[in-house]
Amino acid sequence: MTIKVKDYLWEETEETVFIYVPLKGVPANRVDIFSSDDYIKVSFPPYIFEVFLHSEVEDAKSKAIFCDGMIKFQLVKKNPVQWNNLQVAELVDKEFMKRKREEAIMKVHKRSENELTQKAEEKRKQERIALREQMKGQRMQSYQEQKFSRENKPTASHVETTLKDKEETFLEGKVIQQADHTQKLRQKPAVEEQLPKRRQTSSDKNKELFEKPVPEPRSSGSISVSFTPRIFKTAARESKAPEEKEWLKKMASVGCKAHSTNSDAVDMEEMNPLWLKDKGIGFFKAGNVVAAVSAFTAAIVLDDSIPSYPFIISLIFNNITKLYSNRAACHLQLKQYKECIQDCSSALELLVPPVEANRASRCKAHVRRGTAYLQREEYLLALHDYESALKLDSQSRDLQKDVEKIKRIIQGSNLEIEYEYNMEVRSKRYKKIDFLGEGQFATVYKAEDQETHTIVAVKKIKLGQRSEAKDGVNRTALREIKLLQEVRHPNIIGLLDVFGHKSNISLVFDFMETDLEVVIKDTSIVLSPANVKSYLIMTLQGLEHLHINWILHRDLKPNNLLIDNRGVLKIGDFGLARSYGSPTKVYTHQVVTRWERDNAVKLASNCNKISSGLRWYRSPELLFGARIYGTGVDIWAVGCILAELLLRVPFLPGSTDLDQLSRIFETLGTPSEESWPV
């Protein structure tokens, strides 16, 4: 929770406004300031300071200074006038304050964008200037180098002049040397100096001057190398050239054939069997089994037409066996057992020789083909495939159980084995997702139908737990199954499947997200007149269909009116429902007598066992213990539900049957013998 700071000080001159905000002991590094021309906000949790300025200020020239445990704002006014008030007069208007905040945010965002744009433009400008300076420097350096090379490069005339000067200097020095030598001989004639054996001539000096010039560096070059294009990954061999040429020719013909047969292909990927196989696997995982079959079929057609070559023959066979096996799984899912058997047989023919690398694939093919034979009631062939799979995977307990069950079916030792097997298969069809609720005689789960990939509700009823369950299944469950199998309506819960397993029987219903009782009790849900009308119409439509088919529900209450994720209401829980007086149905006198004797006589005791919640929706004749009644009992319950929808509380919540009757008569009046004869 934030605390607004109000103990601030402010003062002004004609040009400047000073605001002093205490920081309440919060360090400066935890302070966040947001400002615009006419709005300032300082956040230093748990405190907040906010001010809507009287007039606009120069935000760029203003500044905030942290000193002595407070913030000092020095704001420069745009117009040098006295404000007299720091904030605007419209502070009591929340819409004005909200609008001012949004405008301040927009101004700051726009200012930030402009600053970023200016910075980017300035950066580009500096880069252009730096580039021009660099280019200018490079040009100057190049010019200086060229000038220096021109000035220092020796010409032919310069070399000739240099040689002449050196030769003259050499000759002059030689003459002087000879003169000195003659003078010495004249002065000392008795002494005879030994002359050098060899004198360096002028030609030797000239040779030193005429040195060989150093050649310029050889210009660099590049050698381009091109490789002969080759499709195959192996090295080219002259002995294999005819075979490779023939294979390429066949591949070209296959490509032409594929283009002519598969005119629906959009690109080259749809001509690739490996890509089609991955696409089919993706379709299968997504639940689009028909599209998966099409993808696998197209891949098989392409794979069958590809000619074999030594380095890819193993890849082709591995791919095509997986294609047949995957398509067999799709056919099994679509209950196309004949096609499944054919694909499994094709896969097994290609899985040769039988080695460890393909053992798992052979086991899958045998199991799928055996399952297809089993569904076609060809038990001997199914047993043969399952035994072959068991040899490949001897540790699998599931395969061992399946083999034993098939043997017992074939032997005919117990006719219930086949029924038990089918029921177990059907029970595995529904994968439990979540636990929804549990009653005295049943448990309800949220599950997924593995065949249709839809969400359903599974109601598992325990057997042999009530005194009336003389034959294993209580009559309430049988009555519910029988009635729901006869009626089909959008506003009545649908019974999708029924199967038994061991000591229980499971009913599969449409999955409903919630019920009307939850909607009524949830005060966050607004029930408009249109919503109430819609729920009531859907209830009456479902009830009308029941009454047309001569069925009384007898247990209508909000938690038995279920609602799915689309808002559709459906009537559920037919445990107390029964057929009544249809002129078109023929009942045996034993059934009618038995119901009259058992149900009608036990009605009072059963009613006492019903919770007080159900009592609130029972009609007066049921509370009085009447044995003869009709559709009015359901209509009374609908009226109580309508009142509860409008009031959001139960209409007549009696604690006992007598209290319930008293509340009814106090509210609606006591009926007379003329209006309600006994």
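Glycine is treated like the rest: Cβ placed from N, Cα and C.
Curation does not apply to TrEMBL; its annotations are automatic.
According to TrEMBL, the features are:
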ACT_SITE  Asp555  active site, proton acceptor
BINDING   Leu436, Gly437, Glu438, Gly439, Gln440, Phe441, Ala442, Thr443, Val444, Lys459, Lys460  ATP binding site
COMPBIAS  189-215  compositional bias 'Basic and acidic residues'
DOMAIN    3-87  domain 'CS'
DOMAIN    430-678  domain 'Protein kinase'
REGION    133-158  region 'Disordered'
REGION    176-222  region 'Disordered'
REPEAT    363-396  repeat 'TPR'
When pLDDT is averaged across the domain 'CS' (3-87), the result is 87
Integer Cα-Cα distance in angstrom, Lys460 (ATP binding site) to the residue listed as 'active site, proton acceptor': 20
May I ask for the residues of the chain that lie six or more residues beyond the repeat 'TPR' (363-396) and have a Cβ under 8 Å from a Cβ within it? 325, 328-329, 331-332, 335, 337-338, 340-341, 344-345, 347-348, 351, 402-403, 406-407, 409-410
The rounded CA-CA distance in Å from the residue listed as 'active site, proton acceptor' to Leu436 (ATP binding site) is 21
C-beta crowding around Leu436 (ATP binding site), within 10 angstroms: 15
Around Val444 (ATP binding site), how many other CB atoms lie within 10 A of its CB? 16
For Ala442 (ATP binding site), the nonlocal same-chain Cβ neighbours (under 8 Å, six or more residues apart) come out as Lys459, Lys460, Ile461, Lys462
Coarse DSSP state, helix versus strand versus coil, of Lys460 (ATP binding site): strand
Would you mind listing, in sequence order, the residues at least six apart from Glu438 (ATP binding site) in the same chain with a Cβ closer than 8 Å to its Cβ? Val444
Per DSSP, what is the residue count of the repeat 'TPR' (363-396) in each of helix, strand and coil? 27 helix, 0 strand, 7 coil
Please report the DSSP secondary structure of the residue listed as 'active site, proton acceptor', reduced to three states. coil
Under a three-state DSSP reduction, the secondary structure at Glu438 (ATP binding site) is strand
Count the other Cβ atoms sitting within 10 Å of the Cβ of the residue listed as 'active site, proton acceptor', across every protein chain shown. 20
